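K.L.:
Before we start, here is the structure in question, set down as structure tokens.
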Amino acid sequence: MEEGNQTGMVLFHFRPFSKLPEVQMLIFVLFLMMYLVSIGGNMSIVLTIWINRCLHTPMYFFLANLASLEIFYSSTIAPLTLASILSTDRTVVSLAGCGAQMFFFIFLGSADCILLAVMAYDRFVAICHPLRYTLIMSWHLCVQLALGSLVLGFILAMQLTVLIFQLPFCSSKEISLFYCDVLPVMRLACADTHVHEATLFVVSVIVLTIPFLLITLSYVFIVDAILKIRSAEGRHKAFSTCSSHLTVVLLQYGCTSLIYLCPSSSYSPERGQVVSVVYTFITPMLNPLIYSMRNRELKDALRRVIIKLALIQTQETL
């Protein structure tokens, strides 16, 4: 008990992906490439939307916010993970450092999921109530919705992180993942965690289940409205504005639900490792690619920005 009370001296370290240095180096290169593509892609979306006045609409405002969240979300996990993989010795993380990473992971991940629901509402208004779209989706409301997703994510992350790190940790422990996630850290506690597991489930329902139900309801009305459009071109245009968002929703909610909405007793570190790679590295990398490839307006704007930058570079060279 005396050792368990000295939580300030507890140090965590991450479980390596492999004991073979060659495999670790291969994983490092793959993760680094995915992180760089994620940062570059999301920054390109933010800058393209900011530079092009024609993209200053609620839909692209929310997309720029989502891309910004993805940049910070990836940067919460990737640098420490890359350092841990590259290090020949165990990368040690303090209790405070682990708590900080967990807080920002929950905060940004929750805000991301809530913002996806806000984007579904924006598409619902645009397609189902096009004549009242500019009246309903005012800039004042857009800012309120974006800030609301951040505030709710912050509150949920603060409560859950503080609750978990009030638990006693008996000694230095190995986290079964490559970052400080809720369930692996909770399993290292030297106390009963039933209340904490119940709190995690409630937070997961608020962040995952409720927004996903709202997204599903929005798309029921959206599909019904699209099917009533007489022209094939109109239907195609309406579907194309929603397909990229729906793809990102399925990737984000599908992976996270496998971890956080399943009973904690059935949690598998091996499955958690694989699924966590998907929603911490692969999904942030794919999101900008999905939006840029499936959105002609954004793709054209991005092309114009690239051409403009290339011309400026050429002029400076000459």
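Placed from the backbone N, Cα and C atoms, the Cβ positions cover glycine too.
Marked as domain 'G-protein coupled receptors family 1 profile' by TrEMBL: 41-291. Annotation comment: TrEMBL describes 25-50, 62-82, 102-121, 141-165, 201-227, 239-261, 273-293 as transmembrane segment.
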K.L.:
What mean pLDDT does the predicted model reach across the domain 'G-protein coupled receptors family 1 profile' (41-291)?
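P.N.:
Within the domain 'G-protein coupled receptors family 1 profile' (41-291), the model's average pLDDT equals 89.
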K.L.:
With a Cβ cut-off under 8 Å, give me the same-chain residues at least six positions beyond the ends of the transmembrane segment (239-261) that come close to it.
P.N.:
59, 109, 112-113, 116, 119-120, 123, 126-127, 182-183, 200-201, 204-205, 208-209, 211-212, 215, 219, 222, 226, 267, 271-272, 275-276, 278-279, 283, 286-287, 290-291, 293-296
